[in-house]
Each structure stands twice: as structure tokens, then as C-alpha cells.
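Participant: Dropping the structure in here first, questions after.
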Amino acid sequence: MGHAEWIGRTNTAVARSAVGKWFRLEGSGHPRERKGAYFFTELRAGLATFFAMAYIISVNANITSDTGATCVCPAEDLETHCNNNTEYLLCKQEVNRDIVTATAAIASVASFFLGLLANLPVALAPGMGLNAYFAYTVVGHHGSGLIPYSLAVTAVFVEGWIFLGLTMLGIRQWLARAIPASIKLATGAGIGLYLTLIGLSYSAGLGLVQGAQDSPIQLAGCASDEFDSDGLCPSYAKMRNPTMWIGIFCGGFFTVFLMMYRVKGAVIAGILLVSIISWPRTTPVTYFPHTTEGDSMFDFFKKVVTFHPIQHTLVAQDWNISSNGGQFGLALITFLYVDILDATGTLYSMAKFAGAMDERTQDFEGSAMAYTVDAICISIGSLFGSPPVTAFVESGAGISEGGKTGLTSCMTGICFFIAVFFAPIFASIPPWATGSTLVIVGSMMMHATLEINWRYMGDAIPAFLTISVMPFTYSIADGLIAGIISYILINGGVWVIAKCTGGRIVPPNRDDEHEAWTWKIPGGFFPPWLVRAVHGKKDFWRADDEASQLDLGVMPPNGSMSSGSPEQVAEKAVGKY
């Protein structure tokens, strides 16, 4: 038996098993089996998704540990004192290792169960943008932000359960649709610029820019031990930091070239290249200097494969919010709103990419279960000490490899589970290795600006304010507030003037170029499962049969792949693989 024949027979055998029927693989005999869904193709797609998003393990750990989490640093002169406090820095290292384990663990659980229960080829992990807002606005560098870390993870925990309630009642879909399209598109672009600024800064990036005295920001690029008494980079040392240049060329341009040639795992390849260059202790770019902190990091790195239990960030919630109620509420609302936009937008786009979208209702197969898993995993992740979990657009890498079912996500989840035991490697990835990654991710998120309606000022100005205010205030919440309020004031004012003048005074291009907006949702306000339950359908969690008549990428009951001899089915399976 040749290799191709063995693959075909295995695809056929798995398709006809209970696993194949559960995931609706082609050839399973399921009345709604998915075209082109084969066992080995799904596994390969899951690997592609993992390598496309594995960078989140180290990036999320670097960003989140910048808060100090539960490590205590004296309040006086936070920046100077904390950066030179050996005990505090050693504690931060432990937090970084905790978050590495937490990120891999929650990504494993969330991705596996979303694939198993929702049967979608979409992976979940702590979200980029949300983790930056969590770390640098809500908690702050060294805990200098709005609320302590313990309250921040409490807000994330509560947000997850609120998200679950909104999902079950259908309000989640209404909120996502009620926000004007220009604001939703601008939110993604604004977060992209926000991530870019983080990637260029010192805390979790290349160290190319920093704050200044005479201007909001200035060029930097010098080693941290060359800062002057004001903590600024002197002119004679600018752009002389070798770690910055390694990050730019090996982590930036090298990664871009790989991406241009569609090399799988390009992002993680760039990160690993910079990391490998930075690991030897005898070079000027080493991540393990001969100091107390460097020795501690190197000792952990040498373990290579080990399980690091979560210690500092496990169940760190503090339920006494009396002294920070206002800021706690603001953080909670922002987490909830951004998560609704992020998860909804990503899941919708990935479902459409996979061919599982109902254009009439703007819903997709398994949507209720997908959002339920996402919401529950947000709360579980907060117990590990992680920022909110969300769907990753990198799931498109797996879908482009042929992933069509939840088996793809299950494979990605298994890969993240294996990564839990490689914490020493992921915890030893320096920030300059991931800085260019943040810039690249930010540039990809700017693609959303192409769809913004720039022709009408009532749409363009709120969108522009949303995009620009986010990075300049270092806050996603402030950008959203600026965009929404300006949209209400501008378009509300136009509406009032039109009403008062009987429609005689309106902008000349309003009717032709203003984007359509309505709070009404095609297909009804309530989620399909609730409608089915009210109508007395016993298995209300199952989609109606007429969905199979839509072009959703599923086979009709008499699909050609569910008939024929095993040899014919195997031959077709090999061809698709």
C-alpha cells in the first residue's frame, strides 16, 4: 500500500467513524457533511493555525508581565526604583513564566472546546490589543495604572459572564450590529496603531521610540543602561542599540519576506531567529546577562522541557471594588465592548471564509456555542491571570490550508497543550524579538481602513478620531469614546436640523454617500436557538434543516461523496488532500 493510498483509506475510515460524523467530515454520511473536509487535511490546517499564532505565547507574557501583576513595588518613583529592584525583577520573571503557562493553557482549552462543540476551524487565545489595554492602561507599567492587577482580572472574570448572558439572549448580536460600520472598522485600525506604538517602545518592543520632555515622543534606540538622569536616551547613543537592529532586520524584514512568499509559520520563524541570536551569554545582544536576574532566567531556560505551575497569577481576583468602582466599571465596559467587536468580527469573517455564513441573518453555523465557549473561556482565563480571550484572525491560515471543521481547532488546541511543557523556551523570548511582530500585526489591522466610508464627513471624522485617539492617549477606551460621541454629535445634529427644517436643510451628499445604519437585525432580534425553543422544538440547540439549502459549504443529503465504493471515496479523498 502506497503512502497516498494509505492516506486516502485513513481519511475514509475516520470519516465513517463516530469522529467523522461528529465533525461532519466528507464521506461521513452526515446529511450536512462539509465538502472537502478530510481528516489529514484538518490536522494539517490545525498545525498551520498554531504556527501562525504561536507568537501570542511569548508576546502576551511579555506584555502582561510588564504590569508586575501581584509583585509589589514601592510607590515612590515607580519607574526608576522598580527597574533597579532585584527582588521585584525576579518576581516579574516568575510572573512572565506564569503567563506563558496561562496563555498556552487557556489557548489549548478554548481552541479545543470551540472546535469540539461549535465545529468551527477557529482558534482562541488572549487577544492582541486587549492585552495591551489591560497591561498599559488598566493596570499600567509596574502597576501604575487605573486599578490594581487583582481588580483587573476580576473585571475580566465578570466580563466573561456578562458576555455569556448577552450571547444567550441575543443582545450580543444586536450590539455588534448597532455600532456604526465606520466605528467598527476604525476600532480595528486604531488597535493596530496602538500595537505598533507598543512594538516600537521599550517595555515590550524594539526600543525605537520613547517619551520626551519637549515633545510627546522622540527617537531613541539606545541601551537602557545609557539613559540619562531623566530616563531619556542621549543624542550620542541614539540608534546604537544592537538588540534593536537585530529585532528590526531579523524579526522584521526577514519575517516580511517570508510572509510575502507565503511561508507557513513566518511570524514564529522571525521570533525564533532573533531569540536564538539573543540566547548565547557571550554576545552583546544576550538576553541572559551575568547578573542576578540574568542568572535566574538562564537557569530556567536550561530546563527546556518542564511544567511551570502558575503561582503568582492563579485566582488573583479581588472582589473589594469599593475604592475603584468608577475605573473598574470603565475597564469592564471597555473589555466587554472591544471583546464583542473583536470576537464577533473575527468569527464572522472566519465563518464567511470557511463558507458557513448565512447572509440573510448574518449568523453562522454554531454561532451560539462558539460565543458561549468564548465567554466561558474569558472567565477561566482570568482565573489563570490572563487578559480576555478572543478569536484569532490567524485562524485564516488553517482555513486557507483546507480547514473546514472543528477538527482543525482541536488540533491547534493539542499543539498549545504541548507548548505548556516548553515554558522555558517561550519565557526566554526577548521583547525585541516580538517588537517587529507587533508592528507587522498592526500593519495588517490597518487594512480595515480601506472599507471606511471616507466620502461622507459624518462617517469619516468619527472613524478618524477613533483611529488617532487610541495610540495618542494609549487607551482603546478613549478612542472608542471619542469615535462614538463624535458620531452621535455630528449625525445627531444633522438629523435634528433636518427634522426642524422639514428635510430642506441637509448635507448635499448625505442621501447618496452616508452609510446605512439601523438597529434592526435581519432574521430577527433573538438568537435562532431561542426562537426554536419558544416554538417548542425539543432539540432547539440544533440548526433548522433548511440551512442546508444555503450555500454554506455543506453537502446535501444525497451528496456524491457519501455514496460509492470505499475505493472510490478513498481515491477522491487522496485527490483533495
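Here the Cβ of each residue, glycine as well, is placed from N, Cα and C on the backbone.
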Participant: Pick from 126-146, 189-209: which range has transmembrane segment per Swiss-Prot?
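Facilitator: When 126-146, 189-209 are checked in Swiss-Prot, transmembrane segment belongs to 189-209.
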Participant: Where among 151-171, 189-209, 241-261, 413-433, 476-496 do we find the most Cβ pairs under 8 Å to the transmembrane segment (373-393)?
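Facilitator: Selected stretch: 151-171, with the most Cβ pairs under 8 Å.
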Participant: Among all protein chains shown, how many Cβ atoms are found within 10 Å of the Cβ of Asn62 (N-linked glycosylation site), not counting that one?
Facilitator: 26
Participant: How about long-range neighbours of the transmembrane segment (434-454): same chain, 6 or more residues beyond its ends, C-beta under 8 Å?
Facilitator: 55, 58-59, 62, 128, 181-182, 185-186, 188-189, 191-196, 198-200, 204-208, 247-248, 251-252, 255-256, 259, 267, 270-271, 460, 463, 467, 513-515
Participant: Which listed range (104-124, 265-285, 328-348, 413-433, 476-496) shows the maximal number of Cβ pairs under 8 Å with respect to the transmembrane segment (151-171)?
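Facilitator: Selected stretch: 328-348, with the most Cβ pairs under 8 Å.
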Participant: Helix, strand or coil for Asn62 (N-linked glycosylation site)? Use DSSP.
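Facilitator: The three-state answer is helix.
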Participant: Name the range, of those listed as 104-124, 241-261, 328-348, that has the largest tally of Cβ pairs under 8 Å with the transmembrane segment (476-496).
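Facilitator: It is 328-348, which has the most Cβ pairs under 8 Å.
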Participant: For the transmembrane segment (241-261), what are the same-chain contacts with Cβ under 8 Å, counting residues 6+ beyond its ends?
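Facilitator: Here the qualifying positions are 205-208, 221-223, 267, 269-271, 273-274, 277-278, 284-285, 430, 432-437, 439-440.
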